[in-house]
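Database features, via Swiss-Prot:
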- Val2: N-acetylvaline (MOD_RES)
- 3-147: domain 'Globin' (DOMAIN)
- Thr13: phosphothreonine (MOD_RES)
- Ser45: phosphoserine (MOD_RES)
- Lys60: N6-acetyllysine (MOD_RES)
- His64, His93: heme b binding site (BINDING)
- Lys83: N6-acetyllysine (MOD_RES)
- Cys94: S-nitrosocysteine (MOD_RES)
- Lys145: N6-acetyllysine (MOD_RES)
Amino acid sequence: MVHLSAEEKGLVTGLWGKVNVDDVGAEALGRLLVVYPWTQRFFDSFGDLSSAGAIMGNPKVKAHGKKVANSISDGIKNLDNLKGTYAKLSELHCDKLHVDPENFRLLGNVLVCVMARTLGKEFTPHAQAAFQKMVLGVATALAHKYH
């Protein structure tokens, strides 16, 4: 499991508190579906995903992105227990949804890009390293039931 120092935890928590979590989640999920189109197969019920514009404007993508972001918020509040925080979601994604765990890493990387775009110069290389470490921890926790 990934270990974040007190300084890294502070950076992650502080940066997450500066963004509109719902907007960041919606943009990250939308970008995931555009950049990695094979991930769309898990969202058949979302309607029109035929183009970047359709995806980014899709209300179901935005709503699910909000859920994803709220889940990230839960993880940020529990950085010392990511495995426990994501145990039920890991089970759901593994046993029922059959999501390839690599998709969690992809989403984490896209989230880092969205954070960088949103925060600009405030998202320093040091802050990025801390945030990248956090999303890796979340992805690892979500993939736990796959092992």
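Along the chain as shown, residues are numbered 1 onward.
Using the three backbone atoms N, Cα and C, a Cβ is placed for every residue, glycine included.
Shown here: features listed in Swiss-Prot, placed on the structure.
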residue: Val2; record: N-acetylvaline; CB count, 10 Å: 16
residue: Thr13; record: phosphothreonine; CB count, 10 Å: 15
residue: Ser45; record: phosphoserine; CB count, 10 Å: 6
residue: Lys60; record: N6-acetyllysine; CB count, 10 Å: 14
residue: His64; record: heme b binding site; CB count, 10 Å: 18
residue: Lys83; record: N6-acetyllysine; CB count, 10 Å: 15
residue: Cys94; record: S-nitrosocysteine; CB count, 10 Å: 17
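In this structure the C-alpha atoms belonging to Ser45 (phosphoserine) and the residue listed as 'S-nitrosocysteine' are separated by 19 Å.
If you compare Cα positions, Lys60 (N6-acetyllysine) sits closest to Cys94 out of the modified residues Val2, Thr13, Lys83, Cys94. If you compare Cα positions, Lys83 (N6-acetyllysine) sits closest to Val2 out of the recorded positions Val2, Thr13, His64, Cys94. Taking only the Cα positions, the spacing between His64 (heme b binding site) and Val2 (N-acetylvaline) is 26 angstrom. Rounded to a whole number, the C-alpha distance linking Thr13 (phosphothreonine) with Val2 (N-acetylvaline) is 16 angstrom. A separation of roughly 21 Å, to the nearest angstrom, links the Cα atoms of the residue listed as 'N-acetylvaline' and the residue listed as 'S-nitrosocysteine'. Secondary structure at Val2 (N-acetylvaline), taken from DSSP and collapsed to helix, strand or coil, is coil.
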